[in-house]
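Engineer: Have a look at the structure that comes next, please.
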Amino acid sequence: MAAHLKKRVYEEFTKVVQPQEEIATKKLRLTKPSKSAALHIDLCKATSPADALQYLLQFARKPVEAESVEGVVRILLEHYYKENDPSVRLKIASLLGLLSKTAGFSPDCIMDDAINILQNEKSHQVLAQLLDTLLAIGTKLPENQAIQMRLVDVACKHLTDTSHGVRNKCLQLLGNLGSLEKSVTKDAEGLAARDVQKIIGDYFSDQDPRVRTAAIKAMLQLHERGLKLHQTIYNQACKLLSDDYEQVRSAAVQLIWVVSQLYPESIVPIPSSNEEIRLVDDAFGKICHMVSDGSWVVRVQAAKLLGSMEQVSSHFLEQTLDKKLMSDLRRKRTAHERAKELYSSGEFSSGRKWGDDAPKEEVDTGAVNLIESGACGAFVHGLEDEMYEVRIAAVEALCMLAQSSPSFAEKCLDFLVDMFNDEIEEVRLQSIHTMRKISNNITLREDQLDTVLAVLEDSSRDIREALHELLCCTNVSTKEGIHLALVELLKNLTKYPTDRDSIWKCLKFLGSRHPTLVLPLVPELLSTHPFFDTAEPDMDDPAYIAVLVLIFNAAKTCPTMPALFSDHTFRHYAYLRDSLSHLVPALRLPGRKLVSSAVSPSIIPQEDPSQQFLQQSLERVYSLQHLDPQGAQELLEFTIRDLQRLGELQSELAGVADFSATYLRCQLLLIKALQEKLWNVAAPLYLKQSDLASAAAKQIMEETYKMEFMYSGVENKQVVIIHHMRLQAKALQLIVTARTTRGLDPLFGMCEKFLQEVDFFQRYFIADLPHLQDSFVDKLLDLMPRLMTSKPAEVVKILQTMLRQSAFLHLPLPEQIHKASATIIEPAGESDNPLRFTSGLVVALDVDATLEHVQDPQNTVKVQVLYPDGQAQMIHPKPADFRNPGPGRHRLITQVYLSHTAWTEACQVEVRLLLAYNSSARIPKCPWMEGGEMSPQVETSIEGTIPFSKPVKVYIMPKPARR
């Protein structure tokens, strides 16, 4: 046996390997079916015009690629020449216009054919559609002046067509393609330059009103394109103001306004007199006259345009508020003026009354000075119009003119105050907002203030709060006015307790604006007596707090006022200064230290040192890779603490400081999770450390979502860094999961998903990759081919090494960044009385919250209700529930419906506001994604929510239903 084995060992084995010829793989070329061929087949199958029209309608619903457009156009033109039915030719002409707008297709190749078929066409409808197609071609080729002039020539030839539709399209083409310059390029030397304005102006007197309207709109289109219109157009436009059709009058009003802005100082003669006037004043009078037009559409447009005519003379401006009666378009003269004219004339009469039957010249109403007739009482008519749209437009115009003229603001005050009693809520609200905008130029009299304060009884919360805002910036003339305002506001507080915060804020500004008027009222308001001690008021009374807010804010600039305070007033001041610091200012009281605010006034102007400190702190942190892990952690912790404190001290730097601190916190969590002592020992022996790393990865993910969606002003540079940090957190999560998961099947799927995330990052942020040198993603993309073919264990090992070796990316700070915040005003969460309702039914809970620096609150802000049993309910407020009182500020006033089964005792539910986000909607779209590759469902879905308000606890008690 041994000999046999020995023999086998020494034997030589030979093996012949014959290379087999590889079978050549068959290459398949996938081609898309030709759109032009399919259309040709369909049109050939059509047995009637109705069938052909149906095929064309089906084709119009399908998208066409740029490379297929020319072939499709040729097929359509071929069938156009063969087709006898005008409806089919009309549809083909429409399709030619749509196809010429296709991105990536140059329509100059079909222009000659379009012009040829235009010259032979007899149908007016098809002619109009072909002109529309030529307009689309010319709009697509704005740089080719030869084509533009050729199309203008075609339009001019067809302007004599009998159809109004054809003339309309020709004028539209002239307005959009007419040459703005007199210089002609070499390509267009053969074509004579035309005076487009004169051609269009000739059609101002066309017999068809639709053509007249199209001519005016074409002239306005020339103005929008940058061509300066001739002043001669002004007289033509003025004649159109008396046109029988409202569309013509509406367009003419707009054209007159445009010319008045181009030539405001030009002098124009007044008809039937030797006087002259500025063009802007004349135009103002004519537009004022249109405020009394028979059509409410024209009246609205005229009223809106009046507000933008700020160059008009003050004399004509003040005439708009003149209530003098008009007779035959002339001012009614006084009896003295009439008698004087009568006796000075020396005219004959019957003898019973001097000048009784003297012949008088008949008044020519058309020759009367239009300035006198138009501007006189224009706003009076507008504010008393039967249509509320006209009244709103007149109020807005008054606001714009009053802001530029303080004298006009004083004169229009009575009219605005009268509008507070309008029957339409929208008009009342607009009047209040208008008056608030001009409040710096006016001082209210007592009778006006009385009318204004009467609106506090309005049932609309929006009206009342708008009036509170108005009173914040209103000047009152007397102490009786201040007392009247306080009394009415306290009545409002009694009738509508939910207005408490708005009324307190109103009294804060009312007191700070009128310290000298509040001073003589202090003894009466505080019920103090020179000889007797009075009872101490209840500090829980909102009305008493309102009075104190008024007095304390007035005392800030009135040093003699604290001497009138009693002892309990000083105690109440200390209490309110702590509890309502945003309403009660710091006062220098006798015998007491100044209660200073968090930021003293001497520090406020010095913003540069704070900004410098912020920059130095961040630059110091960016040298982390040169430190040992322990030193890096300590440096990050100290810097985060400094940035948080800086945000508390400097409110204007709070957003930047919090944003930077959050980013550094993510880096700190990553460094702690990657400590070597956690990874040198087998994972089963360090389950606690694995949980720590997993929690760190989860927290980093949450912090990155906060950075991306809770801050306004974040630019694309910051979004890239945030997504990079999130990718590192996902890599850490994969590493931890790989160490604690048994089996390879789950890891294959997780690795594949992570590599898809990397590919996703590369595709969407490809333009920013050069700025990510030596970063985690940069190294990851270099090793991407190797990672695609590696086993999960090797992928995890590579990721762990790269996470430790990757550089700390520099976070560029945006210029202006603010953190989103929300404060729930109602419910206050102070009541111990439960809200009782029958189980199974619903109860409405009023929610009132202020939102700061929230982007798109209508789609992102949600209300969450958390029940004691762990159930959570998310409510989507209606868009109408959001108000926008100022830039960066929103107000949410809504109702939340609660329901639950019966409870044995009252418990608390938590109400908070959430910020919903979807990261895919924030990422910039790439060119190849514009074709609708992403479904709309993905973009509108909610990926997660971030709490951004403190929770408020509300007692509720669902009672069992009675049987």
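Glycine residues also receive a Cβ, built from the backbone N, Cα and C atoms like all the rest.
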Engineer: Swiss-Prot annotates one residue of LYS62, LYS791, LYS950 as SUMO1 cross-link; which residue is it?
Structural biologist: LYS791
Engineer: Can you name the far-off residues of the same chain, 6+ from the ends of the repeat 'HEAT 6' (369-405), with a Cβ under 8 Å from a Cβ of it?
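Structural biologist: Same-chain contacts beyond the flanks: 270-273, 277, 281-282, 284-289, 291-292, 296, 299-301, 303-310, 314, 316-317, 319-324, 326, 329-331, 412, 415-416, 418-419, 422, 424, 426-427, 430-431, 433-434, 437-438, 441.
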Engineer: Can you count helix, strand and coil residues in the repeat 'HEAT 1' (66-105) using DSSP?
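Structural biologist: Counts, helix then strand then coil: 32 helix, 0 strand, 8 coil.
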Engineer: Could you give the number of helix, strand and coil residues in the repeat 'HEAT 8' (446-484) as assigned by DSSP?
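Structural biologist: Tallying H, G and I as helix, E and B as strand, the rest coil: 30 helix, 1 strand, 8 coil.
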Engineer: How many other Cβ atoms are found within 10 Å of the Cβ atom of LYS791 (SUMO1 cross-link), counting all protein chains shown?
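Structural biologist: There are 12 such Cβ atoms around LYS791 (SUMO1 cross-link).
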Engineer: Mind tallying the repeat 'HEAT 2' (145-183) by DSSP state, helix then strand then coil?
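Structural biologist: Output for the repeat 'HEAT 2' (145-183) reads 30 helix, 0 strand, 9 coil.
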Engineer: Under an 8 Å Cβ to Cβ limit, what residues of the same chain, 6 or more beyond the ends of the repeat 'HEAT 5' (277-313), are close to it?
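Structural biologist: Residues 231, 234, 238, 241, 246, 249-250, 253-254, 256-257, 259-261, 263-270, 320, 370-376, 378-379, 381-382, 385, 387, 389-390, 393-394, 396-401, 404.
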Engineer: By DSSP, what is the split of the repeat 'HEAT 4' (229-263) into helix, strand and coil residues?
Structural biologist: 27 helix, 0 strand, 8 coil
Engineer: Per DSSP, LYS791 (SUMO1 cross-link) is which: helix, strand or coil?
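Structural biologist: DSSP call for LYS791 (SUMO1 cross-link): coil, neither helix nor strand.
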Engineer: Summarise the repeat 'HEAT 6' (369-405) as counts of helix, strand and coil residues per DSSP.
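Structural biologist: Final tally across the stretch: 29 helix, 0 strand, 8 coil.
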